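Contents: one structure, followed by commentary.
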């Protein structure tokens with residue numbers, strides 16, 4: 001079975017558009033991008049287009065590649081203090097001269113729709129998330145939409161990044177899976193992967209996951225965005241080789257990526273609702 005993230009995202013965005021229209025709210029998202037990296041610019045444009053589609057206002061702050069950490073922090077502070085802005089997204093990665101940790105920590109928790117602030121992650125790891133990071137939460141939505149069982153299943157997450165691997169593991173744990181996180185220092189990696197009922201790969205290595213690493217009938221979630229030797233977009237998973245062995249699998253493109261943006265829109269609307277009702281549970 002192909003887990004069609006694009007189809008799920010289309011459904012979620014249409015439902016969100018209706019919900020926003022019925023709410024009478026006008027959520028607003030601000031993006032901050034530093035430099036002119038083509039991939040980052042493309043991702044930001046996609047996010048603004050999604051905002052327009054569902055009825056979320058958006059503004060973009062563009063800073064030069066040589067911007068200092070202090071300049072980025074000043075931009076974030078202005079957005080924190082703007083009562084008309086509900087969500088703030090700092091497009092990553094930031095240039096090497098900018099302290100990414102300081103910038104992420106500076107975003108007001110109640111506007112942290114990307115889910116990377118320590119307050120957001122702390123709530124996630126404690127089992128009471130408000131804003132979960134968009135990619136892992138989008139994956140959970142795909143699993144839910146396709147009714148993939150999680151409770152009691154063995155889940156293996158390959159990759160321990162703070163934006164995908166660790167929060168993915170936390171969400172699966174919160175859903176009562178038995179979770180293992182693997183990384184570059186894991187011994188007998190293939191053995192660990194073969195035990196997985198749900199296998200999530202987020203390591204950024206083109207076609208790294210082959211059929212010999214996948215349990216028959218497993219659900220395989222491919223978070224990777226890479227290029228193969230021919231320059232063609234591909235994931236961490238060798239899709240053609242694995243699809244017949246897996247019980248369910250996300251493609252690249254069209255799998256996890258669209259759900260990341262849909263979840264960002266949902267988080268932004270949630271931030272607007274929380275502000276309207278005066279809910280301060282984010283902190």
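Glycine residues also receive a Cβ, built from the backbone N, Cα and C atoms like all the rest.
DSSP assigns residue 160 (NADP(+) binding site) to coil in the three-state reduction, outside any helix or strand. Shown in sequence order, 166, 181, 183 are the residues of the chain, 6+ apart in sequence, with a C-beta less than 8 angstroms from the C-beta of residue 160 (NADP(+) binding site). Sequence annotations record features per position, and here Swiss-Prot assigns NADP(+) binding site to 159, 160, 161, 184, 225 based on sequence analysis.
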Sparsest-packed of the listed binding-site residues (161, 184) - C-beta count within 10 angstroms: 184
